[in-house]
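**Student:** Handing you a structure now.
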Amino acid sequence: MPTIQQLVRKGRTPKVTKTKAPALKANPQQRGVCTRVYTTTPKKPNSALRKVARVKLSNGTEVTAYIPGEGHNLQEHSMVLVRGGRVKDLPGVRYKIVRGALDTQAVKNRKQARSRYGAKMEKK
């Protein structure tokens, strides 16, 4: 427990929280270009072929981003919008690609949770 005089001299330093998406440089999203689109396998209890893309962001950093939803139209040189948000069973994947923005198409035939996948309302 510091004395009042010690607090007057030094003061208390606030805890610095480390950002979970450092490549975005404190922005909500960042634009980037796909350099490689491929599939990876998840960590131990799960089994699948997860679709990921290596993206070079407009600020110069290169990140691995997950492509959510069923099916995608991404290939090399596609312009994508990247947001934060990790994929728990893919080590090193701390970003997600925004569906329905720039060159990324929305998920087709999506009925629920449409806004997450850029899907428009189905016409009756």
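Just so you know, glycine gets a Cβ as well, placed from its N, Cα and C.
Residues or ranges marked as compositional bias 'Basic residues' by Swiss-Prot: 9-18. Annotated region 'Disordered' per Swiss-Prot: 1-30, in sequence order.
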**Student:** Give the nonlocal contacts of the region 'Disordered' (1-30) in its own chain as ranges (CB under 8 Å, at least six residues past its ends).
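**Tutor:** Cβ under 8 Å, 6 or more out: 57-59, 61, 63, 81-86, 94-95, 98.
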**Student:** Per DSSP, what is the residue count of the region 'Disordered' (1-30) in each of helix, strand and coil?
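**Tutor:** Across the region 'Disordered' (1-30), the residues distribute as 9 helix, 2 strand, 19 coil.
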